[in-house]
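Novice: Mind looking over this structure? Questions follow.
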Amino acid sequence: MKPPTTLLLFVGALIFFAAGNVRSDASDHRYKEGDSVPLYANKVGPFHNPSETYRYFDLPFCVPEGVKDKKEAFGEVLNGDRLVSAPYKLSFRDEKDSETYCKKKLSRKEVEQFRRAVEKDYYFQMYYDDLPIWGFIGKVDKESKSDPSEFKYFLYKHIQFEILYNNDRVIEINARMDPHSLVDLTEDKEVFAEFMYTVKWKETETPFEKRMDKYAMSSSLPHHLEIHWFSIINSCVTVLLLTGFLATILMRVLKNDFMKYAQDEEAADDQEETGWKNIHGDVFRFPKHKSLFAASLGSGTQLFTLTIFIFMLSLVGVFYPYNRGALFTALVVIYALTSGIAGYTASSFYCQLEGKNWVTEFQAPVRTTKYPREIPPLPWYRSAVPQMAMAGFLPFSAIYIELYYIFASVWGHRIYTIYSILFIVFIILLIVTAFITVALTYFQLAAEDHEWWWRSFLCGGSTGLFIYAYCLYYYYARSDMSGFMQTSFFFGYMACICYGFFLMLGTVGFRAALLFVRHIYRSIKCE
C-alpha cells in the first residue's frame, strides 16, 4: 500500500471517529416539572454585521446575581460564542405571566448606549436547552418622518416565551417582544425601566429527534429548492454545451494532429516538425521556482482532501443546524490531520523535479533537450492574464447562483443545509476546471509555448479570483454590511478563502493538464 493511501485511511478513520463526538454536543436532557432548564445569553450585535458581536451584558441590561460563564467547547470558542447564564428563569412547564425580573433606572449614558444599539438594529441571541432564540432589543419609529432627527427610539422591556414540549423533553422555543411595552430612548435623560417576561408552555407531538428540522426547513422550502435545482440545471446545461463544444473541437484537432504527424513520419524523416510536436524536447522542462511550485501543489492537495472530508461529514448529517462550532472544529481538526498530505505531496513532487539534494526520476514520455527552445512571439490574448480570465469565467458561471446562498449563510443569518446540491455543484466545478485547463494547455502547446506548468496552475486557480470579485459585488449590492471592523473581517477572511480556492483548483487544473500532456506525447513517435 502506498504511503498516501495509508495516510488517507488513517486520517479518515480519525475524522469519522471524531464525527460521533461532534454530534454529541446536542442536548438530550429529560426534565420533570419544575426542573431548571439551562438558558444562556450568548451575544448581541448589529443585525447587518454578523461578524460584529459583543457579550450580552456589554449592553446595560440588568445583571443578575451569580452570573456564570458557561464552560465552552472548542467549537463554541471558534464560533465566537460568549455564553453566560441569562437573567430569566424558565423552569420546565412552569408558566409565568408578566413577571418582573428587574427594575432599573437607566442613566443618560446608558440611554445613549441603548439608543445607538437600537439605531443599528441590534439583536440578541440566547440558547435554551441548546435551542437558539433570537430577538431585537428595540425598534425605531420612522413612520411619516423623513428627517432622521425626528425618529423615535424604543427599547423592548417585555419578552414573551412560548415553549413546546413532548413528555419530558423541550422541543421548541419562540420569543416575541411585546410591541406595546416600550421604554422611550429618544431623549438624553434618565428613564425608569421595568423589565418583564412571560412564559407559556404548550404540548406538541413532534418527536425529540426532529426538533432541529424547523431550522433546516427555511432552506428546504419549495421555492428555495426550485432555485437550487434551477442553479444546477443551468450549470449542467451551460457546462455540457460549452465543454461538449470544446471537447469536439479538441478531439478533432488532436485526431488530425496524430494523423498529420504519422504521415510526416512516413513521408520524410528530415521534414521540419510544427505545432506541439515541435516542442517535445522542451515540454517536460521543469518550471522555474520549483520549490514554490511543489509547495503550492502540496497545499492545494491538502485543501482538496480537506474539502472532500468536510463534504463527507456534511452528507452524513454532522453539521445539522446550530450544532455550535461543529464546522469550525471539523475544519481545524481535519486541516491539522491532513498536513501530512501536504508535506508528502510537496516533497515527493519536489523530489521528482530534481530539487536540491534529491535524486528521483520524473517519468516523462520524451527526452528533454539540453538547451531550451525559444518561444515564438505570441499575440496578447495568449499571455497569462487573458488566459486566466478565460479559464476562470466558465467554472465561475457554473457556481455563481449557489454562491449567493453560501454567502447569505456565512455572512448573514440564513441557514444552509442542502449539502447534496452543494456537493453536485462542487463536482461540476472540478470537471469544468479540469477541462478548460486542458483545452487552454493544448492551445498553448500548439502555439509552441512550452512553459505550461505555471500557466496551467494559474488558469486552474483563477476561479478563486472571480470569487473574490464576486465578494465586492455581494458586499456593495446584496448586503447591508458597514463599518471598518465588518469590512475588514469580510474582505480579509474572503481573501484567505479565495486563496485556498486558488491553490485547490490550481492543483486540479495542473494535474489534469499533466495527465493530458503525458498522454499526447506518449501517443507520438519523437526522435
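From the backbone N, Cα and C atoms, a Cβ is placed for every residue, glycine too.
Got these off TrEMBL a minute ago, pasting:
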- 1-24: signal peptide (SIGNAL)
- 227-250: transmembrane segment (TRANSMEM)
- 292-320: transmembrane segment (TRANSMEM)
- 326-346: transmembrane segment (TRANSMEM)
- 388-407: transmembrane segment (TRANSMEM)
- 419-445: transmembrane segment (TRANSMEM)
- 457-477: transmembrane segment (TRANSMEM)
- 489-517: transmembrane segment (TRANSMEM)
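For each listed feature, how buried is it and what is near it?
Specialist: Sequence-distant contacts of the transmembrane segment (227-250) (same chain, at least 6 residues past either end, Cβ-Cβ under 8 Å): 394, 397-399, 401-402, 405, 418, 421, 424-425, 428, 431-432, 435-436, 438-439, 442.
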Novice: Near the transmembrane segment (419-445), which same-chain residues lie under 8 Å Cβ to Cβ, leaving out any that are not at least 6 residues past its ends?
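Specialist: Same-chain residues near the transmembrane segment (419-445) but 6 or more away: 228-229, 231-232, 235-236, 239, 243, 246-247, 250, 253-254, 275-276, 279, 283, 307, 311, 314-315, 319, 382, 387, 390-391, 394-395, 398-399, 402, 406, 452, 455-456, 459-460, 463, 505, 508-513, 516-517, 520.
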Novice: Looking only at residues six or more beyond either end of the transmembrane segment (388-407), which have a C-beta under 8 A from one in the stretch?
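Specialist: For the transmembrane segment (388-407), the nonlocal Cβ contacts are 219, 227-228, 230-231, 234-235, 238-239, 242, 414, 416, 421-422, 425, 428-429, 432-433, 436-437, 440, 458-460, 462-467, 470, 474, 478-479, 505, 509.
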